[in-house]
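**Q** Mind having a look at this structure? Questions to follow.
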Amino acid sequence: MPTNKSVSKAPITQFVNCRILRDHKLQREDLWVREGRILDPEKLFFDEEGYADQRVDCEGLIIAPGFIDVQINGGYGIDFSQATSNVRGGVALVAKKILEHGVTSFLPTLVTSPPNIYHKVLSEVKVHSGGMEGAGVLGCHLEGPFISLEKKGAHPEQYLRSFQSGGMLDLIETYGTLDNVAMVTLAPELPNSEKVVRELSQRGITVSLGHSVANLSQAEEAVQNGASFITHLFNAMLPFHHRDPGIVGLLTSDQVPQDRTVFYGMIADGIHTNSAALRIAHRAHPTGLVLVTDAITAMGLPPGRHTLGQQVIEIQGLHAYVAGTKTLSGSIATMDMCVRHFKQASGCSVEEALEAASLHPAQLLGITRCKGTLDYGADAGDTHTHTPKVSDCKGPLD
């Protein structure tokens, strides 16, 4: 039998006295990590005759999969929709800071912007793994400009676009490239959108429905064509109506293909969505709920005026408004805040709250082989030396 050193000379870390989230339950088990991967202790013991080089006493705390934020516009003074002279440095700063809040992977999100912004920023933001230096980038989320004028929210009207050239050509003209793009939010009622939804889905890009006045049948058609996500449910879409529930109706639609799941983003900051609405969505479709921050430049900064793309945003308390209006414009919430508020407001279990920020976004993006779980072989921090964040879940999560 070989020793563990014959398989790899990398040190093995054993986390003890912890509760780990596995198979939808918090279990009192040790967690073994080597070279940024979670080990199967049975194979380690019996096949390698391996042992731990170091042990970490977690003192009863929870180890959960790293959080994944699929909608984050920036933070700490950085606006992803600004073509600065150091786009990569800005993304790196946010990536470093959000590690403190349990986020180990994210989609830098660009709101509706002129083409030159997309061309500049998208050429600078590359997919890469995370580690001690910061959370990993899974690709960009392009929220707009192919959205509804009526439900534009904080998106600047002058840069909204339709699919005038028939679909994909419009996307390439606007974005410049689809390399390193992981998600696109669009309004499915726009003419020629069905072609775009199909093509993006075939390319492995997640299509999200949002900032839209689509009725339920239009939303169902988009899902049948490949759409799989709803951008910030309830916000910037038609309100629920019993004769036509609109996009919200996808949560219980019988027209969604049986082998498919429609996921939906929720900004659980206590501002964007009333707690009763949060409970309705969760109880109707608990396995589809994905927590997002929708955080803007001002996350981590004091009240005042900041930017979101081409708009000026004013922070008043915990609210972010388009300056001079009462139009909400993203949030200043961190992901751990959203997890705690979601648990408190919905009455869900600790496990459900944690999975809404980890497992569900990983399922949405199709990356559960390596992220969103603590299964054997999954990522344990994205580097050889960085270990999973031990989340102190006292207070609302205990």
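Here the Cβ of each residue, glycine as well, is placed from N, Cα and C on the backbone.
Sharing the features that TrEMBL gives for it:
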- D294: active site, proton donor/acceptor (ACT_SITE)
- E143, H211, H232: Zn(2+) binding site (BINDING)
- A154, N235, A236, R243, H272, L328, S329, G330: substrate binding site (BINDING)
- 62-380: domain 'Amidohydrolase-related' (DOMAIN)
**Q** Sequence gap of 6 or more, Cβ distance under 8 Å: name the residues on the same chain that satisfy this around H272 (substrate binding site), in order along the sequence.
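**A** The list for H272 (substrate binding site) reads H232, F234, N235, D294, L328, S331, given in order along the sequence.
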**Q** What is the total of other Cβ atoms whose distance to the Cβ of H211 (Zn(2+) binding site) is within 10 Å?
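**A** There are 29 of them.
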**Q** Cα distance, S329 (substrate binding site) to E143 (Zn(2+) binding site), nearest Å?
**A** 13
**Q** Between 0 and 100, where does the mean pLDDT of the domain 'Amidohydrolase-related' (62-380) sit?
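**A** Averaged over the domain 'Amidohydrolase-related' (62-380), the predicted model reaches a pLDDT of 95.
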**Q** List the Cα distance (Å, whole number) between G330 (substrate binding site) and H211 (Zn(2+) binding site).
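**A** Given the Cα positions, G330 (substrate binding site) is 13 Å from H211 (Zn(2+) binding site).
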**Q** Whole-number answer please: how many Å between the C-alpha atoms of R243 (substrate binding site) and H211 (Zn(2+) binding site)?
**A** 21
**Q** Considering all pairs of residues in A154, N235, A236, R243, H272, L328, S329, G330, annotated in the record as contacting substrate, what is the maximal C-alpha distance expressed in whole angstrom?
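**A** Value for the max Cα separation, rounded to a whole number: 30 Å.
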**Q** Which has the fewest other Cβ atoms within 10 Å: A236, R243, D294, L328, the recorded positions listed?
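**A** Each of the recorded positions A236, R243, D294, L328 was scored; lowest Cβ tally within 10 Å is R243.
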**Q** Taking the recorded Zn(2+) site as E143, H211, H232, identify the other residues of that chain whose CB atom sits within 8 Å of the mean position of the site's CB atoms, giving them in sequence order.
**A** Q71, G144, I147, G153, H155, T185, S208, G210, T231, N235, A236
**Q** About how far apart, in whole Å, are the alpha carbons (Cα) of H211 (Zn(2+) binding site) and A236 (substrate binding site)?
**A** 5
**Q** State the count of C-beta atoms found within 10 angstroms of the C-beta of H232 (Zn(2+) binding site), not counting that atom itself.
**A** 25
